[in-house]
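Engineer: From TrEMBL, here are the annotated features:
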type	residues	note
COMPBIAS	122-132	compositional bias 'Acidic residues'
DOMAIN	59-120	domain 'Amino acid permease N-terminal'
DOMAIN	143-647	domain 'Amino acid permease/ SLC12A'
DOMAIN	656-789	domain 'SLC12A transporter C-terminal'
DOMAIN	811-1005	domain 'SLC12A transporter C-terminal'
REGION	103-132	region 'Disordered'
TRANSMEM	140-159	transmembrane segment
TRANSMEM	171-197	transmembrane segment
TRANSMEM	217-241	transmembrane segment
TRANSMEM	262-281	transmembrane segment
TRANSMEM	287-308	transmembrane segment
TRANSMEM	342-360	transmembrane segment
TRANSMEM	380-400	transmembrane segment
TRANSMEM	454-477	transmembrane segment
TRANSMEM	507-524	transmembrane segment
TRANSMEM	536-553	transmembrane segment
TRANSMEM	573-606	transmembrane segment
Amino acid sequence: MFSIALKQMEELPVAPNEGISLSAFRSPFSVSGKEGCKYSFDGSSYHYSDGNSMTSQRSSQILTGFDTLDAAPNYDFYANTNAPGRARRTRPSLFQLHSKIEDDSFPPPLYEETSAHREAGDSSEEEAEEPLSEPTRFGWVKGVMIRCMLNIWGVILYLRLPWITAQAGIGMTWVIILLSSCITGITGLSTSAIATNGKVKGGGTYFLISRSLGPELGGSIGLIFAFANAVAVAMHTVGFAETVQSLMQESGTKMVDPTNDIRIIGVITVTCLLAISLAGMEWESKAQIVFFFVILVSFANYLVGTFMPATPQKQAKGFFSYKVDIFVENFKPNYRGLEGSFFGMFSIFFPSATGILAGANISGDLKDPTVAIPRGTLMAIFWTTVSYIIIAGTIGGCVVRDASGGINDTLSNNNDCLGPACKYGWDFTACIKNTSCPFGLSNQYQTMSMVSGFAPLIAAGIFGATLSSALACLVSAPKVFQCLCKDNLYPLIGFFGKGFGKNDEPIRGYVLTYIIAICFILIAELNTIAPIISNFFLCSYALINFSCFHASITNSPGWRPSFRFYSKWLALLGAVVSVIIMFLLTWWAALIAIGIVIFLLGYVLYKKPSVNWGSSVQAGSYNMALSYCVGLNQVDEHIKNYRPQCLVLSGPPSCRPALVDFVGTFTKNLSLMMCANVVTGEPSPSALNASRNSSHVTWLNKRHIKSFYHGVVAKDLRTGVQMLLQGAGLGRVRPNVLMMGFKRDWRRDTSSSIESYIGIIHDAFDLQYGLCVLRMKEGLDTSRSAQAHGKSYVVLVTVDPDPMVTEPQPFTVFQSKQGKKTIDVYWLFDDGGLTLLIPYLLKRKKRWARCKVRIFVGGDIQRKEEQKTEVKDLISKFRLGFHDVEVLPDINARPQPEQYGSLSLLLYCTKDCEDGQDNQNCPWMVSDEEIDRNKTKTLRQIRLNEVLQDYSRDAAIIVVTMPVGRRGQCPSALYMAWLETVSRDLRPPVLMVRGNQENVLTFYCQ
């Protein structure tokens, strides 16, 4: 064989200076599994064959030099989506790598085909599928930067910035601009960090906030942000219509009257914008490019005009070109009117700095959102800030605050001339004193048109700014709303989530936005609604900054943004400042915005949508829980803080609803409850899936049971329970009471299963657990298709709990109000107080509040009243509120003979060994000697059942101290007979309780 291999090596051609592929020296081989399944390696690929089809996957040969089932790192292993027409690979499971091949007769294929699979009889000459057309995608310049700049630039730039400069002065105007830019810049940094922490899909602002903070805050902000954008369409459109109407009025033209003219122009304009949007994102982007160049031309026209010599007509209106005296005079503030203050000017200017999310809102249409959003947003903020600073400085350096506009107001021999215009031969003193100057920075909003070289280009710039902002909002609102609709957080909006075309265009969302915009255009009174919209945008900024801060402060390993130039403390500052600005702008509008957010937040919290996005809120909850659990280790346990923390052997919780309901009644919002499920068998994917199936938790949540679920796989039930008893819980938050169901079929079951059941009880006592066994007349197990902790008290791996979740919830007696019945407590032996504590916790619940608790204790007939007083005094010291105490002097009397005979029948089947085996091979055998040795305890259990029959036939529940069988002296079958005897033939549920003989009640205050 070795010589043959060497000969093959000699025949292989090897290129010079190239490595030798190790797989070339391996002969093809195959390993056959059961039923014809085959794994084969041919030196280049791994194959899986089932006889009908074969799929292959390139293995890790490139990295390791060997072809193995183990796969090299691949993008497909981590992606949630697959490319059209291309096979998607999946990583081999650990079971496939670790187990023997013959362990699984039908191993899953190593990758899945994304296209439709051909049937066995399909012809090989079928035409291949046509590849899907690639949707239009934009880069960071065209998709984000230009879009954000257009949305930031607006009518305030042209019509209000010169007036703000006159009021606040050039210096304070620059402060206002830089402060606004700092806030938007911090928000831009936070947006960049969130956008680069994973693949961003469509939905923009809503997607970023909801995937970071969760659906509660994300859903509320997404809804109001989409609505605010829809109304903003009307605002910008009305701004355009007002400009057109004023131009018509100057030329003496009108259609109906000024108000209706604005409505008509607005409706026509928004209809045209809708047509552009419906034409597709490509046409919308081209329109935005046109608007962008129009605005740039208007800027250039304005700057050229500032350098042109001032004509007498412009000088009369206050323009003198660049003059140092005018710049110095306008550098200082000169506040006028009711809004004349720094914060008044800031509140007017700040809305012009918003619009930084226009690019993020179309995140689904970007080529690479993680690159485009940070780069485009921050560049847009930078360039718009520069443009605002330049315009404020230039307009303040060449135009005076007040001018009369009169061509004859030249300077005469007047020594009382006011204003910097006096130095240049003009006297505007009269109108300055009378505050009636119609021109100048402080009086005329159209100053930029007057200064520019060609005034119509400024009007064109205003048109471009308003229409581009309206178009950006018209596109943003449906995109955000579509993502919100697809998540189904709110009812009745799913209809608008459907997309059309290769870009998944939200046509229905466009129409809805159009209708909302039309409504507000027809109202034509937006002065009241405008502050609310600004506050909605500020709400979004605050939550984006808080999202970045919260994700950073939780230290989640999943928070790994590739954009590193952010600070969690700056993000927190941005969130706080955004909220403050909301109240500075309009306090009542801020309250309305916050109120709407809280209302929508409360709705989502109430509905609890079944979404899991790995939000920072989940990470924060984990950090808090972990911190509190670790903190508990620093404080010693105290009896006053004792809580019954129950480990419930429920199997699949849906199989024992009564047991789960009962424990959930007294542990809800009080202590730990953990439903445990033992799946017997060897560890395998099917067994692990049966033990860890998430449908168990879903069932508990659907039933409103506040419980954990813990499943284990073990070779037998007792081993699994031992694992749970020793390993369940975390630190001090761990079970201390084991809750079981009574084994009704013990007489029909095998002797080994009885031994296992009683062994679990002994294990609980050995590990210092309290123990409770619940028995109901109708039984606890409701499973039909499979037995869970059933006949052999094990859970078969064939149990499928999923149908249990979808089926109607079964009703149990513990879900109904108990009325004025009694809770009968037979406190026959002191176990530390657990027998009293559980009834007390039941009584605190609404369903059991009207029940009366009766305490029964054993005693002597000569000292009956004295013993009753002693017990009542003891219970009163515990402050339990139990006042009805009954002493049973005949509890130790001999039972009726026929009752003892029935116990003999119970033991008859287990008294002798099977097949003549000796006692060593039959540890469950009950001999005559053992019966005689435990006769006293046996008679006590029989008598106790007689007492229960006499006193508690109509109780809501019976709580009785559980007998303890001494290990090695009381056979398992005899112990089971005791439990059976105590609780048999009783209509109410019977709870047998035994504490761990340590105090759980105290009457001390420390």
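Just so it is clear, glycine is given a Cβ too, placed from its N, Cα and C backbone atoms.
Please treat TrEMBL annotations as automatic predictions, because they have not gone through curation.
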Engineer: Tell me if the transmembrane segment (573-606) touches the transmembrane segment (454-477). I count contact as 3 or more CB pairs below 8 A, with pairs 6 or more residues apart.
Structural biologist: no
Engineer: Which listed stretch (140-159, 171-197, 217-241, 380-400, 507-524) has the most C-beta pairs under 8 A with the transmembrane segment (536-553)?
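Structural biologist: The stretch with the most close Cβ contacts to the transmembrane segment (536-553) is 171-197.
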Engineer: Is the number of Cβ-Cβ pairs under 8 Å between the transmembrane segment (287-308) and the transmembrane segment (507-524) three or more, considering only pairs separated by 6 or more positions?
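Structural biologist: Answer no, regions not in contact.
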Engineer: Grab the same-chain neighbours of the transmembrane segment (262-281) for me: Cβ-Cβ under 8 Å, and only residues 6 or more beyond its ends, written as numbers and ranges.
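Structural biologist: Counting only partners 6 or more residues beyond its ends, the transmembrane segment (262-281) has Cβ contacts under 8 Å with 136, 138, 233-234, 237-238, 240-242, 244-245, 255-256, 287, 362, 365, 467, 470-471, 474-475, 501, 503, 505, 507, 510-511, 514, 517-518, 521-522, 524.
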Engineer: Mean pLDDT for the domain 'SLC12A transporter C-terminal' (811-1005), as a whole number?
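Structural biologist: Reported value for the domain 'SLC12A transporter C-terminal' (811-1005) is a mean pLDDT of 84.
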Engineer: At a threshold of under 8 Å on Cβ distances, which of 140-159, 171-197, 217-241, 380-400, 507-524 pairs most often with the transmembrane segment (573-606)?
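Structural biologist: If we count Cβ pairs closer than 8 Å to the transmembrane segment (573-606), 217-241 scores highest.
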Engineer: By DSSP assignment, list the helix, strand and coil residue numbers for the domain 'SLC12A transporter C-terminal' (656-789), in that order.
Structural biologist: 54 helix, 29 strand, 51 coil
Engineer: Would you kindly check 140-159, 171-197, 507-524 and say which stretch has the most C-beta pairs under 8 angstroms to the transmembrane segment (217-241)?
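Structural biologist: It is 507-524, which has the most Cβ pairs under 8 Å.
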Engineer: Taking a Cβ cut-off under 8 Å, which residues six or more beyond the ends of the transmembrane segment (507-524) line up next to it in the same chain?
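Structural biologist: Cβ under 8 Å, 6 or more out: 227, 229-231, 233-235, 237-238, 241, 259, 262-263, 266-267, 270-271, 274, 277-278, 474, 477-479, 481-482, 485, 495-496, 498-500.
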